[in-house]
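Asks: Could you have a look at this structure, given as structure tokens, before my questions?
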Amino acid sequence: FRSTAAGRCLPVTCCVFPRHFRVSSSSILPSNAKVVGGCKKNRQIAVEAAQSLEVDSQQPMNQEEVSEKMRQLREKIRWMLQNMDDGEISVSPYDTAWVAMVEDIGGGGGPQFPTSLEWISNNQLDDGSWGDLRFLIYDRILNTLACVAVLTQWKMHLHKCQKGLRFIRENIDNLENGNDEMMPVGFEVAFPSLIQTAKKVGIKIPTDSPFMKNIYAKRDLKLRKIPMDILHTKPTTLLHSLEGMEGLDWEKLLNLRTDDGSFLMSPSSTAYVFRHTKDELCHQYLLKSVNKFNGGVPNVYPVDMFEHLWCVDRLQRLGISRYFQVEIQECLDYVYKYWTNKGICWARNTNVQDVDDTAMGFRLLRLHGYDVSTDAFKQFEKAGEFCSFPGQSTDALTGMYNLYRASQTMFNGEHILADAKEYSTNFLHKKRLANAIVDKWIITKDLPGEVGYALDVPFYASLPRLEARFFLEQYGGDDDVWIGKTLYRMLYVNCDTHLELAKLDYEKCQAVHQLEWESIQKWYRDWNLVEFGLSERSLLLAYYIAASTVFEPERSRERLAWAITAILVKTIASQRQLPLETKGESLGSILENEDGGRLIEFLINTIHQLSSEIVVAEGRDITQQLSNTWQKWLKTCKEGGDDDLGEAEARLIVHTLHLSSGLDESSFSHPKYHQLLEATSKVCGQLRLFQSRKQVDVDLATGTTFQIEAGMQELVKLVFTNSSEDLDSLTKQSFFSIARSFYYTAYCDEGAINSHIDKVLFEKID
């Protein structure tokens, strides 16, 4: 390998792969091995091939403007992560109207929160409505009716009221055509209550349409599920929608406040209770919210847990989390501080939990080494079925989607996660078959694409660059809108800044990968490797797997070491498939002919070149370690059965990757290292065998085996649990990365892999 001016490492001299070879079990590839046969011609070819692998160091890889732009974007995102508080969220006109309805508790006759009334008067849209710029009929009607009602109550801005009423009259019939899946949270309770409130100030809304009758029926069903005695004594989701409800016992309800003085973090619900109780804790909560948002209030606040978790998730899936490891650790430390064995909600210290936040929190915490219990899912499960909130009538698709994602991080014996995986998988498959991938909590750019990717490429098979490439198309940035009581935006979660950095980063990585691939192709052609049975598709697959896993530009040495090792393995191991009458000649007399000399020369040369890079970078020689690693693999290739090849290949790639990365020698003798190596090689062996059988057995077309799944679960536990004396997390995760690459090629069919290769390595981002 050679280092370019751009700081990358590219192979100078690599090995070529002959069709025939002989293995000596007593002395395989010693560091002072002599090449047998007349190889002067081969050496000349080697020099020419080496030159073909060099990339012009004068090429303008480092574009100063792009680099500066990326630096600015990173700093902007880092500032967001470092300054997270209770959540950056857009204002809800509906909730602001309920806050503005509160009369001065001092008896002055005016509004208690005049700035809220001012916010409403300043934020009417041109068509007379209030609401998010994304038009959703439920959202616009609810927001507009609430704002007209409060302006009418205070006898202000008659012209704005008339304009708003005109919008309602012209559009209310369109509620019939709305998608029930996108109906705002608690709409079936909030809208009838708001109609009654509007009626008290002289605004009449017809309630005899089929839609309205259906809404009232849904309200009655929900109230039957949570009767009044339960409402007053146990925390339920109805605490989020108390506004306008009659016949409530206010003193009993005050016992169900959260620590911040709110009722399930709902400004509108809290404002309604405050109107009747003048409770000081409610007052302080509302005052804090109004001051934070300059008169307006969100539909829910705080949203700190939601913001911390979803921001980390987005950065990871976009492939840029490596820039913010310190900040991500701080985010997850914050979440873990408030984690409970009953799960979590969108805010800290809540008395109601939901499966969506719980699943997202569980998955991210587990994958970062935190100790989290599956008990968190118990209250969402009943007889093998799962719900978003205990007692609710419908499931949110994204809640089941995140439950599905969380279930794939299960350890052996975690039965509730096994049940969750089965239920959520079936739920999502049915929705996809029915073309019904629509969610009640978010309107995103490509939710069907997100769900489809998760189902088609499960966690064990999801290579980092592959996931990032798909999510770059699915993530809408600023355009993604959440559905609460009203539509709202999470400004740090769905953000064009994230998307812009992710695209620039991906393009930078892709450019490096394309240059490396061009060099490898030229090397392949110069050596005419097709003569040795190596197809260009196999060459490309080996590089793609390595580049999709070890993708960072600065890790070129590791990436190419992995790819070249896999290419060598593929070529040499393919000789085992020769007919019996020729195999003896292949394995027995290879060193006596010219091709055998080429093999030995290139294999030894590869070892020395890999080692020389480490000598330059780390100041230590790994030649003997690499040689020993290859000796073990070659011995298995000669003497072992098909069952052994996958295990041996995994061990070879693990050791080559770690030696190339400069991993400290003491790590190789660490007890955890041996555990991880055994678990990884075992499951990789099973995967290679399964992959071979799958090619001839149509019954194995989908899924894997119980033994493979159990092996992956064991490996996940070893990798993602921490102990007092442990390997560093990056080293542990490299074992999972290698197992993942084996799982990917065994799980995905050839057509899917070919399309993935094209998408990841060559397709431009729109």
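Backbone N, Cα and C atoms are what each Cβ position is placed from, and that goes for glycine too.
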Asks: According to Swiss-Prot, which of these ranges is motif 'DXDD motif': 82-85, 110-113, 354-357, 610-613?
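Replies: The listed stretch tagged motif 'DXDD motif' in Swiss-Prot is 354-357.
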Asks: So which residues does the motif 'DXDD motif' (354-357) touch in its own chain, when a touch means Cβ under 8 Å and the partner is 6 or more beyond its ends?
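Replies: That would be 305-306, 309, 343-346, 377, 380, 386-389, 396, 398-399, 402-403, 441.
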Asks: To the nearest whole angstrom, state the Cα distance for the pair D354 (Mg(2+) binding site) and K440 (substrate binding site).
Replies: 14
Asks: What are the DSSP helix/strand/coil residue counts across the motif 'DXDD motif' (354-357)?
Replies: 3 helix, 0 strand, 1 coil
Asks: Near the Cβ of K222 (substrate binding site), how many other Cβ atoms are there if near means within 10 Å?
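Replies: Around K222 (substrate binding site), other Cβ atoms within 10 Å: 18.
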Asks: Please report the distance from the Cα of K440 (substrate binding site) to the Cα of D356 (Mg(2+) binding site), rounded to the nearest angstrom.
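Replies: The separation of the Cα atoms works out to 12 Å.
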